[in-house]
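Undergrad: Handing you a structure now.
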Amino acid sequence: MSSKANHAKTVICGIINVTPDSFSDGGQFFALEQALQQARKLIAEGASMLDIGGESTRPGSSYVEIEEEIQRVVPVIKAIRKESDVLISIDTWKSQVAEAALAAGADLVNDITGLMGDEKMAYVVAEARAKVVIMFNPVMARPQHPSSLIFPHFGFGQTFTEKELADFETLPIEDLMVAFFERALARAAEAGIAPENILLDPGIGFGLTKKENLLLLRDLDKLHQKGYPIFLGVSRKRFVINILEENGFEVNPETELGFRNRDTASAHVTSIAARQGVEVVRVHDVASHRMAVEIASAIRLADEAENLDLKQYK
């Protein structure tokens, strides 16, 4: 699906991290009632989708055992589903967690390993006829790259051969993303996942340099040319905050201004993404991002706007 074919407004996916250690909101929604209250808040602010995660993927985070992850996310999914038909995404790379979450009422699997971390994941998604976000994961493709070393290991075992990893090291970032997606999409096809159930995520903030992050964001339309909707997560990512810091803005999250600046900057990126026709943005602060989406989508869909004159504005 190209941006030209996307005649709908960008969907806002609100984040609920049911973890004690996520980089932005770890611990805030660890209890079931807190998570449910946050879900209600995000929906009221305009989220059409919620992304539920039970394991932090920030630099330095620890592996969460499968049963523990299931115990964190399934009660939250069941509670949300009991009172809302909002789309629910389960943020996990483990097939057993995905299977339990889908059975509990989730609609979509958001796999940060792009189906490459657990060889059973593609079959779980196919069996459930669920949608799946396949993320480009540079940490897995370039584990020895300086930008990857601070991240935890993703996946069971080694996903790529030593020769593949050596070849990946020399590829420009956009070529590396294409190579990764070719492998991931082949796995999806082999398992029987329907192409219309696939979204692609460029993996912003995962093992990328500042320049690589910016290049991938600038050229999102090239990713659209692969024929799939885009799912984008840039909210409160470190490289966005670094740009603010380099230019003298307050970014300390302990201050009201610093915290607000992080969301304002993230919303600016969402505006650029929505202008390019990105289908889904994954965000923490739905209210600010919704404003960005409304304005950017109105500009992108200008041909469909009402031709009001000044007298008709009230």
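Placed from the backbone N, Cα and C atoms, the Cβ positions cover glycine too.
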Undergrad: With THR57, ASP91, ASP201, LYS237, ARG282, VAL283, HIS284 listed by Swiss-Prot as (7,8-dihydropterin-6-yl)methyl diphosphate-binding, which of these, ASN110, ASN213, ASN247, ASN252, is given for the same site?
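TA: Swiss-Prot lists THR57, ASP91, ASP201, LYS237, ARG282, VAL283, HIS284 binding (7,8-dihydropterin-6-yl)methyl diphosphate, and from ASN110, ASN213, ASN247, ASN252 it also lists ASN110.
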Undergrad: Let's check the environment of THR57 ((7,8-dihydropterin-6-yl)methyl diphosphate binding site): how many other CB atoms sit within 10 Å of its CB?
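TA: I count 22 other Cβ atoms within 10 Å of it.
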Undergrad: Can you grab the distance from LYS237 ((7,8-dihydropterin-6-yl)methyl diphosphate binding site) over to ASN17 (Mg(2+) binding site)? Cα atoms, rounded to a whole Å.
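TA: Cα of LYS237 ((7,8-dihydropterin-6-yl)methyl diphosphate binding site) to Cα of ASN17 (Mg(2+) binding site) measures 15 Å after rounding.
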Undergrad: Could you tell me the C-alpha distance between HIS284 ((7,8-dihydropterin-6-yl)methyl diphosphate binding site) and ASN17 (Mg(2+) binding site) in angstrom, no decimals?
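TA: Rounded to a whole number, the Cα-Cα distance is 10 Å.
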Undergrad: Taking only same-chain residues 6+ apart in sequence, whose CB is under 8 Å from that of ASP201 ((7,8-dihydropterin-6-yl)methyl diphosphate binding site), what do you get?
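TA: Expected: ASN110, ILE112, GLY114, VAL133, ILE134, MET135, PHE136, ILE230, PHE231, LEU232, GLY233.
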